[in-house]
Amino acid sequence: MSVHHSVSTHHHGGSGAGWLALFLVLSLLLLGLVVAIATAIGDYAIGLDTVFLAVTNGLGLTGADISPIEQSVVWDLRLSRALVAALSGAGLAICGAILQALLRNPLAEPFVLGVSAGASTGAVCVIVLGIGGGGLSLSMGAFTGAFSAFALVAILSNGATSGPNHTILAGVAAAQLFNALTSYIVTTSGNAQQARDVMFWLLGSFGGVRWPDFHLLIIVVVLGLGVCLYMARALDAFTFGDEDAAALGVPVARIRLVLFALTAMITATIVSMVGAIGFVGLVVPHAARYVVGPMHLRLLPASAAIGAVFMVLADIASRVIVSQQTVPIGVVTALVGVPFFALILYRSRPQT
Amino acid sequence: MTIEAHNLVWGVGRKTIVRDVSVSVQKGETLGLIGPNGSGKSSLLRLLAGLRQPRSGDVRINGQDVARVSRRALARQVAFVQQNAATDTNVSVHDVVKLGRTPHRSALAGWSAADEAAVSNALAQVDMQSRSGQAWQTLSGGERQRVHIARALAQSPIVMFLDEPTNHLDIHHQIEILRMVRDLPLTSIVALHDLNLAAMFCDRIVVMQDGALVACGSPGDVLTEALLHSVFRVAASVSAADASERPHIRFRSE
Ligand SMILES: Nc1ncnc2c1ncn2[C@@H]1O[C@H](COP(=O)(O)OP(=O)(O)OP(=O)(O)O)[C@@H](O)[C@H]1O
Ligand SMILES: [Mg+2]
């Protein structure tokens, strides 16, 4: 419990809507900047001015004369990748914030309901066992696995209505089961190369994403954020527990089930696209709480903004740390995130 | 009648915890609920507030069956102060009291002047207005309890259930809070352990033992030496001059 407590011991900044608006505008500007940098940087470096023209060309606003290769690298490869990174970061951060509130546990994160374990089982079924005979894509397999895990958790915890700790235990049980299935399949049927593929996929990669991924993800994340904002007041009411929320007029069972299903949906979509990227969903909500306080109407947009910027930065880092090679994104989020988090922990330690 | 409960029965598994309890409380009345530990006071309050479904029996508040009203509509009329409420989240006193406005605000509505007035009034009523910005985690036990009462007041209820609202308070605030509850134009049911405070501030008292109501009436009628001996197993002398006066209880040590 100590992480939760100490991270948000003193709120920074004011508490007015003005501060939040300023913060969001600054974050969006920053996000624009880091996306531009992510688009410019790479094995084939492109100037920021060319990036800008390539983007406006792609949007059909200009018809500037730049080389087709640069146009294609910026528009078809890097921009979609950067935007998917931003949306994944935002989505994971929102899910983390919601699960921390619903489960009343500062260690809750998007994968606590077994979603990533389920996704990996689905992925190995496709990679190793070849289920679907090539007709089933890796993403579809992972998504199916992720949702099966969530369904198991929902059944084990009576539709996620039987209290936070019970739900967490159900999630742990589901994760263990699906991880065991994954290991079983990999060790009995896989070869070394397949095992490596699975491992690499699990640690996350934005390598393969293209515009269709972005289109799907923006619908899921924006809709999800909308629903969550609509329920933000109800989430606040969970501060003192389920029964207290009920006494404040919140339909507890319904809200829990809707929000659990929503987080599972967002997480499963992200995991099936880019793998199980850890740390973002755990840490970003704490950082956001430190900036805007614990009330969800402010916390959710702030988490989304910080998560987006953080993930794009992590993607940039993953491509530049080792030249000619991409470090798995999950490794980078932890490597970059832990020092940041240590700083926040240190600055917000309880004054005794 | 503002609160009317008929033949409430509730239990967990094979254990029956509330046995066939019927009570009715008039508008504006303050009803004291006393009884030994584990006698079912908190359970009964939860049933009355609609937070648990009784196995049989029903509860009506202002004529409406609480099992049939939406949670939100109910929370606009009924506030519940829990025996102990805790959180790990670092919220400010103002944030906590603001939560009391939840049932009155739509999902995205702004913070209105009426909301702010309700919150600052509530804080003033429990003598905490100067602490509005303080972090809830840093409050003392009694201050937390007063903030929770303020939150219930900010709900602007017509019925209030308080589960041992005074158990962390100093004697001044015990008296102030109970005086306030009595003087507000609210119907309230208060679970209490301090029998003298119950005698001083409640219009009527009901006594629970092993999940059943064993006595109900004015403080003078209920708080007798015989009842204290049979329900609480204590020896006490009750000084009640006449029926119009509040009884006073002195416990004896033998
Ligand atoms: N969910 C539950 N499961 C099992 N037993 C329960 C449950 N809830 C309450 N009980 C039991 O029911 C009895 C009544 O509990 P309740 O909390 O209503 O007592 P109380 O009168 O409020 O006591 P206190 O004065 O200590 O607050 C206790 O013996 C308690 O152990
Ligand atoms: Mg109790």
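The backbone N, Cα and C atoms fix where each Cβ goes, and this holds for glycine too.
Taken verbatim from TrEMBL:
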- A:20-41: transmembrane segment (TRANSMEM)
- A:82-103: transmembrane segment (TRANSMEM)
- A:110-132: transmembrane segment (TRANSMEM)
- A:138-156: transmembrane segment (TRANSMEM)
- A:168-186: transmembrane segment (TRANSMEM)
- A:214-232: transmembrane segment (TRANSMEM)
- A:257-283: transmembrane segment (TRANSMEM)
- A:295-314: transmembrane segment (TRANSMEM)
- A:326-346: transmembrane segment (TRANSMEM)
Going along the chain, which residues at least six beyond the ends of the transmembrane segment (A:295-314) come within the CB cut-off of under 8 Å?
20, 23-24, 27-28, 30-31, 34-35, 38, 82, 85-94, 96-98, 101, 221, 225, 228-229, 232-233, 235-236, 277, 280-281, 284-285, 287-289, 329, 332-333, 336-337
Is the number of Cβ-Cβ pairs under 8 Å between the transmembrane segment (A:110-132) and the transmembrane segment (A:168-186) three or more, considering only pairs separated by 6 or more positions?
yes
Need a quick answer: max count of Cβ pairs under 8 Å to the transmembrane segment (A:257-283), which of A:20-41, A:82-103, A:138-156, A:214-232 is it?
A:82-103
Under an 8 Å Cβ to Cβ limit, what residues of the same chain, 6 or more beyond the ends of the transmembrane segment (A:326-346), are close to it?
3, 6-7, 85, 200, 202-207, 274-280, 283, 286-287, 290, 310-311, 313-315, 317-319
Please tell me whether the transmembrane segment (A:214-232) and the transmembrane segment (A:82-103) touch - that is, whether there are at least 3 C-beta pairs under 8 Å between them, with each pair 6 or more apart in sequence.
yes
